[in-house]
Every structure is written in C-alpha cells, then in structure tokens.
Amino acid sequence: MATTMKKIFLFVLLGITTFTLLSGSCSAKVYTVGDSDGWIAKEDIFYEWAKGKEFHVGDSLVFNYDPSVNDVTQVPGALEYQFCDTSSPQAVYNTGLDVVTFTEPGYHYFISSNQAQCTMGQRLDVLVVHDPSRPIPPPPPSKILPSGEIYKVGGSKAWSTPEESEYYNKWSEDKLFQVGDNLLFEYDNEVNDVLEISGDLEFITCDPTSPVAVHKTGHDLVKLTKPGVHYFISSKTGHCAAGLKLRVEVGQLIKDVTFPNVPKKIDFSAMDRLTTWLRTFGSQPHH
C-alpha cells in the first residue's frame, strides 16, 4: 500500500511538473534521483544519472527509498562527501519520499548515513547554477526569522531517558517559547534520535510512523518557525514510553506594545485645575 501511494505521489508530482514545463520555459524542474532505481547503493549509478543534467536554483530532487533501512544526509563539503562523513550534516531526511528544493547555487552533496552503503556508491553531488530567467525562491523560514533564545532541552540531563516520566513536561512548563526560539537536543546519536511529530495522539502513543522531521546528529538545533503546539519524541518506543518526549507551546513573537487610546500629550491645564480644586476644597475643615 505504501509503495502504491508513493507511485501515485510521484505520478502526480511529475505530472504537475510536466504541465508547468509546457506552460512556460521558466518553470522549475523536478528530478527523481536514480529514476526508476531510486535512491539505492549501487556503484557509479548517481554519477551517471547526474551527468549531462543542468540543475538550477528552484529545481527539486525527489529521493525515493525504503526509510526503514536508509536515509538522505546532506553534507556541507567535498571532504565529507568523499569520506562518507555524517558527523556535521546540513540536513537529514528519512521519510522515504523526500523532496529537496535548491534555494541557492553551488555544489550540493547528498550521501547515505550508512557508511557501507555510501562507500558502495550511494552518494550524489550536483552543481546548481542560477538562471537569471527564473525567479529565486524565497529562503526557508529559518533564514528570515529573528534570532531567538536557545533552550538546551532537559538542561543538564540533555535528551536521555528520564528517571521520572514527567521530567520533560516539568522542564518546559515554566518557559515561554516564542517563534524564532531554538531547541537544542544533545544526546548519543548511536542509541537515540529526535522525531518531530504532528499531533497529540502520536505524542501520547509514541507513534513514530509519520514524522514531520527527523534529527539524529546528536547535536540538533531546531528552530521554532510557527506558533502552536510542537511535539518531539524518541523513535525508540521504550525510551519514549519512559518519558523521553517533549511538548512545547509556541507563542507569536512579542512585538513592542503600544497603547493607541492613551493620549500622547497630557492636558496639564486640566491637571492644574484638579490640583487647584483639591487645594481649595481639600483644605477646608470637615463638619
């Protein structure tokens, strides 16, 4: 069923792309990485796949794979790409059907976090150029939000299985989180991870099957980009059931408060009249 849904999604996605390409030469393109093979470990397949293609700002890559055994890790440079080094990733995707849109020109590097598979050839580097005829897509919200507070989740305990099930609830309850603030998750990434999930039911039942985002570097900085309730759990069901989960309520960014109904100038003449009245009648003896 999941495979069928992926195929339907890809068909609709590519169909929309074909329509936009026919309707205007300036439209962005969507590329399915590896075509029908998808994102797999196979020597030189992605070098051959990318050869001859010209990628532009605004284009997108679709990574199609089995998320139970794989992921897509974007790394910052050629050395990390060459040595399959995932210690400082720019982004990690593992939904099994990831769409990555290029927002800036330059070299972009993608590998599997499974070093054996990466070494076998599951890695892709592409050069993205800026086409002046195409509008540059807006930056993601994290680049335009103000810099807010950074909260180290769990304090000195960091992100680890708590002795008390309500530990993270108590840690967050006295804090006022706002749009633009950041959560810092620190943990041992060999035994743990951080999943952002979408709803209260998934949070209560520790359901990791449909995450909004997955983080597993061991030092994840998550910016809170919109108001509302945000949910984070460990994908390890036992850890989550023991209390390794966090719910935070994020408010709108507080702006300067103004009081439009308060006059900007005080009527001192009225104040003078009141002072005079008090002096005159307030000093009279009471009967």
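Just so you know, glycine gets a Cβ as well, placed from its N, Cα and C.
According to TrEMBL, the domain 'Phytocyanin' annotation covers 29-130 (among others).
Annotated domain 'Phytocyanin' per TrEMBL: 149-252 (among others), in sequence order. Remark: secondary structure over the domain 'Phytocyanin' (149-252) totals 21 helix, 35 strand, 48 coil, with classes taken from DSSP.
Marked as signal peptide by TrEMBL: 1-28.
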Would you mind giving the whole-number mean pLDDT across the domain 'Phytocyanin' (149-252)?
91
